[in-house]
Structures are given as C-alpha cells and as structure tokens.
Amino acid sequence: MGKDKSSSRLSLPAFLLPTLKFPLRPGRSIDFSVPSSSSPESQANPTPVTALRVSRTQPDTLRCSTCSTDLAFASQIVSKGFTGRHGRAYLVAPPTDPSAPTSYSTADLINIRVARCESRQLVTGWHTVADISCLVCHTKLGWKYVDAKEHSQRYKVGKFILETERVLTYKSWEDVPASPRPRWQQDPAGGAAGQGPDVEFDSDDDDECDEIFAGTWNPDVVAKRRSRQVSYERE
C-alpha cells in the first residue's frame, strides 16, 4: 500500500505583512572616546537625539495561537459576538483585496485547510459547514459556512468562524520619530501644554476598550505597555 504523500508534505505559510529585518553587522564597536582635536564648544553642544514615540506601523492581523501563522487581517472581522465549540468566536469575512501579494484563493482565508462539508445543527438552525484547520500545525480553528437552511442566516455563507481560544491578535508597534507638536498644543512660554505622553486611544485594542468603559484608561500606563510590547517583539 502506498503512503499518502499529502499528509507528509511540508506546507509553507504565506505572509500578510512584510518580514524584512535588518540585522546588526557583527564585529562593529562604538568608540566613546573624545578626539583630542575636539574643541570645548563641540563637547558642550552634542548632537541632538531624535525623539521617538511608539506608533502602529502595520495593520493588525489574526494568527494561529499555536504556531503564529497569519490567518487574516483584523479588519476582516464582521462580528465578535459569535459562539464556537470553545466559547467566544469571531465571524470573519474572506479577503477582498485582489491585489494582495499572496498566492491563495480569495474565497478562503490564508493558510487554512478546509475539510469536507457536512450538515450541522447550530444554535441558529441547520447549516452546511466545513471545519477549518491551520495549514502549518493542523490545529482546528473553527469552521466555514457553506450554506444555510434559513434565509435569515444566509449572510454567513462564505464567512468563517475563528475560535478566540485558537487565534490571537497581533499588533505591530515600533519606535518612530516623534513629530513636533503644533503651536496650539504649546503654552505661551514655548513648552508643551501637557506633560504626559502623546498617546491616542486605540479602539481596536480590547484591553484599552475595557479600560475606557471601566474609566481606568491612562495614557502613561498605555505608553509603558506599548513600549514593553515593542521590546518583546525585538527580542
């Protein structure tokens, strides 16, 4: 009997975001000594350091929580109020951008494997669904709606259920040069009107939304949390 080649074939994932990184050149050292020919004026006026701020540089993505493989953009989420096998779930639409630089069917999510269709009775009635799993680690992620018996449920056809227990939201934060404050944000003495960090509320962050509703959102705390996330991603 021959061995099933498809089960042992290595599946390489596609990527939604660019993965270019610039490694440090080995063998280079920084010379902190002051040249003897330097004048006192040059020592008293060091080169100004560019101020940095933490900023979102790429759109948020949904990834497999087991192997961190890209699955969809967070903007593809239609609803966060669905229920799967393991609790809360997202209803996610298929990709709509035909110019995306990836080689996958626009009828399905990226990096998923769709199983056979079957009829299944869900909370909202009978549906024809197909289970979906991660293309790389084969973890079951949810299912795809193929058909619905009730006309009121047909809006879900072609969309996907992603279990929140099986996926994670990846947010890309990086240090970017801080833009100067406009004049209307400065006091008459020329200083900044506010002493706290210039941090804006992120409505796509579930933690920040919870803090807003609880009345505990704090720009200083948010800035520190984002900085820690940037440091963690660099490691």
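Backbone N, Cα and C atoms are what each Cβ position is placed from, and that goes for glycine too.
Record features, source TrEMBL:
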{"type": "COMPBIAS", "residues": "185-198", "note": "compositional bias 'Low complexity'"}
{"type": "COMPBIAS", "residues": "199-208", "note": "compositional bias 'Acidic residues'"}
{"type": "DOMAIN", "residues": "60-171", "note": "domain 'Yippee'"}
{"type": "REGION", "residues": "177-208", "note": "region 'Disordered'"}
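In terms of DSSP secondary structure, the compositional bias 'Acidic residues' (199-208) contains 3 helix, 0 strand, 7 coil. For the domain 'Yippee' (60-171), DSSP puts the residue distribution at 9 helix, 60 strand, 43 coil.
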